Amino acid sequence: MATTATCTRFTDDYQLFEELGKGAFSVVRRCVKKTSTQEYAAKIINTKKLSARDHQKLEREARICRLLKHPNIVRLHDSISEEGFHYLVFDLVTGGELFEDIVAREYYSEADASHCIHQILESVNHIHQHDIVHRDLKPENLLLASKCKGAAVKLADFGLAIEVQGEQQAWFGFAGTPGYLSPEVLRKDPYGKPVDIWACGVILYILLVGYPPFWDEDQHKLYQQIKAGAYDFPSPEWDTVTPEAKNLINQMLTINPAKRITADQALKHPWVCQRSTVASMMHRQETVECLRKFNARRKLKGAILTTMLVSRNFSAAKSLLNKKSDGGVKKRKSSSSVHLMPQSNNKNSLVSPAQEPAPLQTAMEPQTTVVHNATDGIKGSTESCNTTTEDEDLKGRVPEGRSSRDRTAPSAGMQPQPSLCSSAMRKQEIIKITEQLIEAINNGDFEAYTKICDPGLTSFEPEALGNLVEGMDFHKFYFENLLSKNSKPIHTTILNPHVHVIGEDAACIAYIRLTQYIDGQGRPRTSQSEETRVWHRRDGKWLNVHYHCSGAPAAPLQ
């Protein structure tokens with residue numbers, strides 16, 4: 001049973017281990033209870049940095065989590081207050097995000113989607129029975145208990161959850177994540193439990209086709225779509241979805257919350273409770289591919305937001321996220337060939353799934369091509385799709401006609417946005433330094449590589465098998481034993497480089513990397529990876545401080 005203690009020090013009962021995640025005022029670390037050797041995840045909140053309102057939110061989160069005991073909810077086991085810190089001890093869930101697990105499966109069907117939403121609805125029904133509304137149901141908060149096949153889906157993060165009075169509706173403030181907000185919240189009407197069902201409808205839609213029902217780069221237009229309930233079931237991807245699945249989505253995405261299906265009713269829907277006979281068993285490969293792109297886009301947005309926090313630590317007065325379009329970057333003079341494709345009108349030509357492992361070969365005279373805005377053809381989600389908002393002072397809306405891209409992250413002291421000209425020059429600079437880094441890798445030139453990278457470079461890459469790698473030793477092994485010893489030709493193409501300028505001294509670039517190489521049998525091959533790099537400028541010099549790459553383990557393509 002979860003208990004609150006103010007006299008017992010956390011370290012008396014638990015031993016802390018590695019960091020699992022980090023927020024603005026908190027860090028999550030693995031811990032072990034000394035008396036039982038049971039593993040948990042400890043959310044450690046620095047209460048010295050919290051406002052009075054934040055303290056109230058922390059108390060609310062702990063109070064709510066203590067109520068909830070369900071196999072599909074991440075459980076709170078302990079709540080300990082100390083001088084300056086508060087510790088929330090939760091289940092240690094090791095399976096990662098549900099959506100990431102789905103794209104790694106060899107087989108995924110409508111019946112699997114039904115099983116997923118069944119577990120999500122079980123968790124939602126449980127919290128609603130306890131008069132709790134989550135308010136932030138989204139893929140990032142749907143985790144798997146373990147990496148074992150068939151592991152339970154667990155609902156996490158009750159930081160925005162509220163306590164309600166039965167079915168009573170009230171205005172609890174503007175809170176949630178843009179793509180998952182309900183019409184009543186956007187209208188600033190009284191709301192309650194039905195907002196969670198609306199979010200479940202959005203999640204179910206994504207589970208079936210891999211993209212969301214409402215999406216637009218402009219947050220104002222996105223909100224107009226949601227308030228109008230303007231979604232459809234386009235061909236051909238929806239042609240293979242059963243009518244029963246569409247019926248459940250329609251009942252979840254009903255504009256009028258009073259007529260929206262409840263969690264208990266949804267659990268009794270034939271598509272959920274009789275999935276073995278009602279839901280289709282056909283493998284949905286297109287859904288998996290679309291979902292992989294959707295996941296990559298979510299991760300990019302998360303990386304940008306994290307980098308903004310890091311940038312504010314470097315220079316609190318310079319934290320401004322520039323989200324202007326990258327189309328129109330002109331051809332530059334550099335050591336590599338640069339070819340620009342015509343700009344497409346596609347709003348999400350950002351990332352694409354990896355098809356083959358990274359090649360083992362490098363070249364004596366590598367070439368790098370940069371291609372901007374190549375057509376991708378995948379339906380996209382809003383730029384703000386994974387950014388959680390809470391504003392109980394009723395200031396959550398974007399003013400009429402104003403894009404979400406015009407908004408900035410909160411900061412103690414922000415400077416005016418850089419001019420369009422200087423921003424474009426900065427973006428060209430980031431693309432060029434990224435190109436030089438890739439050339440250093442293709443040349444097997446570790447010395448040049450180290451001059452462009454921060455000594456404490458952190459990275460998530462396939463070769464590290466999902467682990468966070470810090471420092472240069474891991475990369476040095478590949479340079480010494482593989483990259484520098486190969487002489488076969490290689491050509492790298494950087495597709496759709498998207499640069500986000502973060503203040504004066506930080507930037508993030510995301511791109512698709514195509515590598516043409518000759519395999520061991522002398523045949524030409526092409527591999528693909530999606531990569532994100534975070535750059536920080538120190539003493540006038542750009543250094544790569546973080547790197548994230550998709551794909552299967554092979555040779556590193558840092």
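For all residues, glycine too, the Cβ spot is worked out from N, Cα and C.
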TODO: From the ranges 133-155, 202-224, 294-316, 501-523, pick the one that Swiss-Prot records as region 'Calmodulin-binding'.
DONE: 294-316
TODO: Run through Ser325, Ser337, Ser349, Ser411 and tell me the one Swiss-Prot describes as phosphoserine.
DONE: Ser349
TODO: Can you match one of Lys43, Lys48 to the ATP site that Swiss-Prot gives for Leu20, Gly21, Lys22, Gly23, Ala24, Phe25, Ser26, Val27, Val28?
DONE: Lys43
Open item on the list: Of the ranges 233-242, 283-292, 483-492, which one does Swiss-Prot flag as region 'Autoinhibitory domain'?
Closed with: 283-292
Task: Of Ser26, Thr287 (the recorded positions), the residue whose Cβ has the fewest other Cβ atoms within 10 Å - done: Ser26
TODO: Please list, for the region 'Autoinhibitory domain' (283-292), how many residues fall into helix, strand and coil according to DSSP.
DONE: 8 helix, 1 strand, 1 coil
- [ ] Sort Leu20 (ATP binding site) into helix, strand or coil using the DSSP assignment.
- [x] strand
Open item on the list: I need the CA-to-CA distance for Ser26 (ATP binding site) versus Asp136 (active site, proton acceptor), whole Å please.
Closed with: 18
TODO: Could you tell me the maximum Cα-Cα distance in Å between the residues recorded as binding ATP, namely Leu20, Gly21, Lys22, Gly23, Ala24, Phe25, Ser26, Val27, Val28, Lys43, rounded to a whole number?
DONE: 14
Open item on the list: Validating a neighbour-count step here. Other CB atoms within 10 A of the CB of Leu20 (ATP binding site): how many?
Closed with: 17
